[in-house]
């Protein structure tokens, strides 16, 4: 890639690994102005986790495994080194001079998210000191815990970024991120933005596919398309009290994992493809139900995250939302594969600019807060 022409542009690098832990997304972002209301994806890459490390992270995330303090300390360092390596790879591939990148915004890897606990907590690992040390770039991390300390859920954080990039239009709209967990940003023509997790998305689909189909994800939804939705199982899954909770709410693998699915199945003997089809329908149903309940006037849903590559899921979502345009965020210049990583670059920029970046209407926090901690180069 040629040297950037806009010497007055603000370059930030965002790093993200989500609930699915399918890889580290790295995005190099140019902000056109100090207000950070417009951005351009300069370059992006996804670096796969080392398989054994991914297995450990997934098990930790769903509470299926405990780790000794020494092992957890080493895991934190390993994740930090992996994030640094992903950043360095992107910088090399992009041809951008390292000194031109003002900061890195790193989400880290969530290993536990307990906003309902007393006291509430959320925990992301990935030693930011090592990222700063191995990249030579100031790193901003630990974005969620200040919101939790202020009484919020600490999630989702992307609605503030969605609002900054898209603004309120002339009709009610929504942004749907289909990552490991689904989450919605509701942007009304007027009034406060609302954002919340909708429930499981790729995390369950990927896990079931890995166990019963031998592939890490369901390419284009083909496995789900080969099965039929089991109405009884779908009803049992949707009966989980979490779905009826009002926002603000957030969740993770601690709540929605394969043992949860197996418990709902009980003694029923179902074809693996039928379960996959049912899990896909669960994602579509939980999103559509929430949208129709909380902003029924929505006329456009922009989709991002890995689920945008699943045409079967998008078709089922559209079928449950008649009269609503369901389309990729790419239509509006926001790359669906890297939107979350771009968002964490934006969060880093907002902290360094001294601006609060949470939305209390989304997370339930007591008020606006500066998010993140700075690790100088």
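Cβ coordinates are placed from backbone N, Cα and C, and glycine is handled just like the others.
Annotation comment: Swiss-Prot describes 18, 19, 20, 21, 22, 23, 24, 25 as ATP binding site, evidence class sequence analysis. All protein chains shown were included, and the count of other CB atoms within 10 Å of the CB of residue 19 (ATP binding site) stands at 25.
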Cβ-Cβ distance under 8 Å to residue 24 (ATP binding site), same chain, at least six residues away:
15, 16, 17, 46, 47, 49, 82, 83, 86
Sparsest Cβ surroundings (other CB atoms within 10 Å) among the binding-site residues 18, 23:
23
Please classify the secondary structure at residue 18 (ATP binding site) using three-state DSSP.
coil
Within 8 Å of the Cβ centre of 18, 19, 20, 21, 22, 23, 24, 25, which other residues of the chain have their Cβ, at the recorded ATP site?
16, 17, 49, 179, 180
Neighbouring C-beta atoms (10 Å sphere around the C-beta of residue 25 (ATP binding site)):
27
Using DSSP and three states only, what is residue 25 (ATP binding site)?
strand
